[in-house]
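Summarising the annotation, Swiss-Prot assigns active site, proton acceptor to E89 and lists sequence analysis as the type of evidence. Feature annotation from Swiss-Prot assigns ATP binding site to S9, A10, M11, N12, A13, G14, K15, T16, D88, E89, A90, Q91.
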Amino acid sequence: MAKLYFYYSAMNAGKTTTLLQSAHNYRERGMRTSILTPKLDHRAGSGVVASRIGLRADGQTFDRQTELLQLIERDIAAHGPLHCVLVDEAQFLSSAQVWQLSEVVDRLRIPVLCYGLRTDFRGELFEGSQFLLAWADELEEIKTICHSGSKATMTVRVDAQGHAVQDGPQVEIGGNERYVSVSRAEFKKIMRGEGRIDPLQIALPLPPA
């Protein structure tokens, strides 16, 4: 039975790596997948989904006006049966788009796997995450670690000096240089202005090609 899944975490927990591995698992078994990625996230190039450890795949882009059920129906009409839809950066979905993805599951009987942040740099839910938490059939946390050694559940936006940024737009695309995953206790401390956090994380070594 097809389901709507939401895999959520703080920054740098390996969400995109997990998405790409899931897509690979389907394709390895001869099943066709569609990866959806927001237009506003073009760090790796438009329509390219890339993880921090070097995995990459092409995806279809969407913005807040894209009707996702129609997008998937057109994909099937053009390319044949589809076995799974995977959504990167799902926090950027609108509530209407989350509902459309639930229709992909319920009407087309295609599983939809969404990967995204739960909360923004203020500790507040993104719209997409809010409605995925409400409507998804299955919820799973992808865990990562705070510099304190505790589980990281929050994401803080920092400036060049490592101090918390408390104002600004909710959506600001950036990677390790802008955001740090922390525990709730550390989030409270840095938001109070107690200390700083080095925004740069050690690059992961890649195996030789």
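Cβ coordinates are placed from backbone N, Cα and C, and glycine is handled just like the others.
On a predicted model such as this, the values are computed, not experimentally measured, just so you know.
Residues S9, A10, M11, N12, A13, G14, K15, T16, D88, E89, A90, Q91, recorded as binding ATP, reach a greatest CA to CA spacing of 15 Å. DSSP gives A90 (ATP binding site) a helix state. A sphere of 10 angstroms centred on the C-beta of S9 (ATP binding site) encloses 22 other C-beta atoms. For the residue listed as 'active site, proton acceptor', the nearest of the binding-site residues S9, M11, A13, K15 in terms of C-alpha separation is K15. Of all the binding-site residues listed here (A13, A90), the one with the fewest other CB atoms within 10 A of its own CB is A13. In three-state terms derived from DSSP, K15 (ATP binding site) belongs to a helical segment.
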